[in-house]
Amino acid sequence: MGSNTESDAEKALGSRLDYDLMMAEEYILSDVEKNFILSCERGDLPGVKKILEEYQGTDKFNINCTDPMNRSALISAIENENFDLMVILLEHNIEVGDALLHAISEEYVEAVEELLQWEETNHKEGQPYSWEAVDRSKSTFTVDITPLILAAHRNNYEILKILLDRGATLPMPHDVKCGCDECVTSQMTDSLRHSQSRINAYRALSASSLIALSSRDPVLTAFQLSWELKRLQAMESEFRAEYTEMRQMVQDFGTSLLDHARTSMELEVMLNFNHEPSHDIWCLGQRQTLERLKLAIRYKQKTFVAHPNVQQLLAAIWYDGLPGFRRKQASQQLMDVVKLGCSFPIYSLKYILAPDSEGAKFMRKPFVKFITHSCSYMFFLMLLGAASLRVVQITFELLAFPWMLTMLEDWRKHERGSLPGPIELAIITYIMALIFEELKSLYSDGLFEYIMDLWNIVDYISNMFYVTWILCRATAWVIVHRDLWFRGIDPYFPREHWHPFDPMLLSEGAFAAGMVFSYLKLVHIFSINPHLGPLQVSLGRMIIDIIKFFFIYTLVLFAFGCGLNQLLWYYAELEKNKCYHLHPDVADFDDQEKACTIWRRFSNLFETSQSLFWASFGLVDLVSFDLAGIKSFTRFWALLMFGSYSVINIIVLLNMLIAMMSNSYQIISERADTEWKFARSQLWMSYFEDGGTIPPPFNLCPNMKMLRKTLGRKRPSRTKSFMRKSMERAQTLHDKVMKLLVRRYITAEQRRRDDYGITEDDIIEVRQDISSLRFELLEIFTNNNWDVPDIEKKSQGVARTTKGKVMERRILKDFQIGFVENLKQEMSESESGRDIFSSLAKVIGRKKTQKGDKDWNAIARKNTFASDPIGSKRSSMQRHSQRSLRRKIIEQANEGLQMNQTQLIEFNPNLGDVTRATRVAYVKFMRKKMAADEVSLADDEGAPNGEGEKKPLDASGSKKSITSGGTGGGASMLAAAALRASVKNVDEKSGADGKPGTMGKPTDDKKAGDDKDKQQPPKDSKPSAGGPKPGDQKPTPGAGAPKPQAAGTISKPGESQKKDAPAPPTKPGDTKPAAPKPGESAKPEAAAKKEESSKTEASKPAATNGAAKSAAPSAPSDAKPDSKLKPGAAGAPEATKATNGASKPDEKKSGPEEPKKAAGDSKPGDDAKDKDKKPGDDKDKKPGDDKDKKPADNNDKKPADDKDKKPGDDKDKKPGDDKDKKPSDDKDKKPADDKDKKPAAAPLKPAIKVGQSSAAAGGERGKSTVTGRMISGWL
């Protein structure tokens, strides 16, 4: 087992090395290939055509050859933006490779569209796309790059729009902590590629164009993606710079949308929208909730919050209720603020007694609320200062009344365990009010939001100190009275005799600490000032640097403290004994002053660390090391350690702290305005909220508002229906505004791109056009027998630019990029070392890991959708048709109001018992079904001559057959029987006469004739002269004209699904050859498609709902069976083949239909088949089906292709049908029979429903918390 494991590891390592070191094999270009690549580089279309016509298929020429830079002719055409050359190369079946990615990288839109259509036409289901199948050693792009990702990297709006309209999807990255099998395998196989693929995916998701096109709420998407990138930035610190850059891009996009808000209404809608269901739904004209701005503050979107438009809106809300305040002078503003501050008790009482009065409403204004709360807090700080200065005692001493002096003396005797004084009682009341306010804030915001604000942490710490002070004072009172009442001990004695940890001393320490934090809270209040605010932000940043510094400083302090304490503790004990030689509790400072001073320096680890800390400020001298009984070596070693500590701490660490603080201040000063506005906005938003209007300590008093809530008098709650309608209105209004902003943003970005000056690409394009024109003129002159000497010699000097010369030199001199031959041989012959670490990793990997709380495989399966890198043209057309359908529904929203009531009752008799309003509602909800029923009823009544019945779509998307009833079906059968009899007479005459118009060859020679016809386009041939006369038969109603490829045959009933719809009759001049003749210029494929579609555009019926294509038009109903076929009718299928590239010279047709049964041998049972055949069978084919066909589809036909074939079709066929077949029957077939026969169409892809995104059509796929809502397609 061990040997097998080791061999597997060696094989895996060997394959990985082979992959990593795999290089493209050196290939020496022939002279023809060199000329071919140079002609493509110069844009020489005639030269390229000539080489392709002369040498394609020979050993001297390979159309897929590459230049030394590993560029094929197709990539060269894309880089030079030569569309005609690209089309020619595609027509000659060049390998596409990663040309689509190159076109996207070059931002060549026309090439992208053409290559997307090529991929859709030639790609087989289950096979890799062309850029995925390319050799990784030769590819320019990594494996994880898809067209949509690359287009997002280029941030090209137009290409992204094309791909998203086609339904292309983006492979979503899994969560960074995902532990599914796919992520674990990818991480173990190649961790670098795994991380880079994640970076590429997030770089695509961060593209502004992709967010604008794919997200219904771009601002929310930008916020959430920025927060996730911040998390990735912390978890994958190796790629911190990349994630930081992407995060900055996303933040800039969200902020740039604010630049395009033109009115206050747009800005209010943008900032007040709440994407989560809530009871408070904002509408225009109501009090602003600013939910989106709160979300921006929560996600730390500082540039978004500090935007001038946002700040203007916040300032307008902040100074609401004080008109003209901002235009007053500073002295007048100060007077107004003082008046408001001094009157805060009056306003508070008004609000408590009458919450709905004018004074109470005025107090709810944000600025007034801020002034009242600030003045209340200032009064609390005044009380703290009065308690610290012992104002009561000083007042008693100044007044010096006898009773006051007596009271003061008694208080000093009973200071331990005394009750709080009047100022302390007021402070305790304030503390209770402040704690109550903090609890309300914690309840409303939640624990997470409360902790995120650092000033709430400061409030929590100060309140904890105050609570400790109150508890310690209560404990001291209990202890004192316990000793006094129960133990009979006098607890009152001077302070110097108290225990070191007496509760009174502990309470004073806690009160002092709480006082410090309370005064520091003023910094937060001063952040509203434009001068003090930036300083407060800088101070906060420096505190973070100090905390980082103290982590290292504490480590150094503890290390040297342990060392010095180990050296000097014994000698410190000797000094202590000298100090306390008289009494253990009394120090002899008179005789042993030095010993009493220095013994504490190194007595224990705590004292040693304190000494080293104060040594940083120069408060410890070297005399402290002259301890009693210390030895010279010990003193020297201690001094050496103290010196080392001083160098590391004072010179290195302290200067590093100064440098860090300077750097932080420099960073803050560069963006001081943004940081300050963000901090000020946080302060403003805290006063915009409802509640907390009354400042402390009045918030402890019950008010009328609270009493009404307690007694049950609440506002009437909104119903769910009302909430849902309000949410829909808010969502609709927000969508309209966001569409406007996104459209303005994209327009501005496109204009900014177009405003660039002349670039190098423009010069290259002009040079390419001039070069192509030169060679075209030379070709024209040569074809007209002009004397053009030395064309080849002159063409070699076309590339006069530096890049052109370098490229030509490399091609002509066979320059190759690769290993030096000797070095490559040495590397291949060197012995690979044994990989011990991989074996060790396999042994460790056998251990079972702890089972986590999350099943990552289940999460990945749940959040995974089928990937479609490029989508399809069908999806793009469906999107446009859905928009048209949606617009039509909106325009006809009230159509049911004018509908005839009688017709409604006839349509549904149950409507006679309901009111008119109910009938109108029924019409609105059932309009689609009523319209479909009307169309079906019209089809059942019968169509005009030559018009087949339309087949409705079933749930699976296939067309169901509708059998026409009544006498129309009998007439069709009689006409079909007469037509078969006439055709049989024609066949017998043709077989007897042996005219050139029929097949006079035996059946065995049929195959050879077919191959010959495939290689050479057939010439226009006239039908047999012995055909039926004009008066013999009438055409079958709805059957259409006879098929041009089989004038003497009738198709089997089951063959309608296997053949293309008959092409409409065209003029003789419209016939196009299947392939260009030598020396002629081939028409590009796109032009051929355009010409083909323009011919059939007029005959297309209107599209049905959902953008489903209509069936192919049939021939006119007045076409007669004996009419001669026009040459264009026979050539139309050939032109279609040449255009779509669906046939190749070396491919053979095969299928159950070969050889076809002649119509002349039809038995009476065939009449039953024709009866079952529907008039619209030939119209079921869509015009676009021929584009999707491939040559191999005929052999790969699935049983589902015959699902419309009825069970009785095979039973009606008699056993003697094949036996009665005559040799002359096969003679009647023309060579064009097999030529015109086309393979079955590929299965259609599922259509996207109305309102459904392309990602939702394929199912949801693996995505993280944020990026799962990205590709939801709403434009």
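Each Cβ is built from the backbone N, Cα and C atoms, and glycine gets one as well.
What Swiss-Prot says about this one:
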TOPO_DOM  1-366  topological domain 'Cytoplasmic'
REPEAT    69-98  repeat 'ANK 1'
REPEAT    143-172  repeat 'ANK 2'
TRANSMEM  367-387  transmembrane segment
TOPO_DOM  388-418  topological domain 'Extracellular'
TRANSMEM  419-439  transmembrane segment
TOPO_DOM  440-450  topological domain 'Cytoplasmic'
TRANSMEM  451-471  transmembrane segment
TOPO_DOM  472-541  topological domain 'Extracellular'
TRANSMEM  542-562  transmembrane segment
TOPO_DOM  563-609  topological domain 'Cytoplasmic'
TRANSMEM  610-630  transmembrane segment
TOPO_DOM  631-637  topological domain 'Extracellular'
TRANSMEM  638-658  transmembrane segment
TOPO_DOM  659-1275  topological domain 'Cytoplasmic'
REGION    933-1275  region 'Disordered'
COMPBIAS  955-964  compositional bias 'Low complexity'
COMPBIAS  972-982  compositional bias 'Low complexity'
COMPBIAS  1002-1022  compositional bias 'Basic and acidic residues'
COMPBIAS  1033-1049  compositional bias 'Low complexity'
COMPBIAS  1080-1098  compositional bias 'Basic and acidic residues'
COMPBIAS  1099-1118  compositional bias 'Low complexity'
COMPBIAS  1144-1239  compositional bias 'Basic and acidic residues'
What parts of the chain pack near the transmembrane segment (610-630), using Cβ distances under 8 Å and only residues at least 6 beyond its ends? 557, 560-561, 564, 568, 571-572, 574-575, 578, 594-595, 598, 601-602, 638-639, 642, 645-646, 649-650, 654
Give the nonlocal contacts of the transmembrane segment (367-387) in its own chain as ranges (CB under 8 Å, at least six residues past its ends). 318-322, 325, 337, 340-342, 344, 347-348, 423-424, 426-427, 430, 434, 511, 515, 518-519, 521-522, 525, 528, 687, 692-693, 695-697
For the topological domain 'Extracellular' (631-637), what are the DSSP-based totals of helix, strand and coil residues? 6 helix, 0 strand, 1 coil
Which sequence-distant residues neighbour the transmembrane segment (419-439)? Criterion: at least 6 residues beyond either end, Cβ under 8 Å. 380, 383-384, 386-387, 391-392, 456, 459-460, 463, 466-467, 470, 473, 477, 692, 696-700
Contact yes or no, the transmembrane segment (542-562) and the transmembrane segment (638-658), 3+ Cβ pairs under 8 Å, gap 6+: yes
Long-range Cβ contacts under 8 Å made by the topological domain 'Extracellular' (388-418), restricted to residues 6 or more beyond its ends, are 476-481, 491-493, 495, 498, 502, 504, 515
Within the same chain, the residues 6 or more beyond the ends of the topological domain 'Extracellular' (631-637) and with Cβ under 8 Å of it are 567-568, 571, 625
Any residues 6+ beyond the ends of the topological domain 'Cytoplasmic' (440-450) with a Cβ under 8 Å from its own? 298, 456, 689, 691-692
For the topological domain 'Extracellular' (388-418), give the DSSP counts of helix residues, strand residues and coil residues. 23 helix, 0 strand, 8 coil
Over the topological domain 'Cytoplasmic' (659-1275) the mean pLDDT stands at 54
Tally the residues of the topological domain 'Cytoplasmic' (440-450) by DSSP class, grouping H, G and I as helix, E and B as strand, and everything else as coil. 10 helix, 0 strand, 1 coil
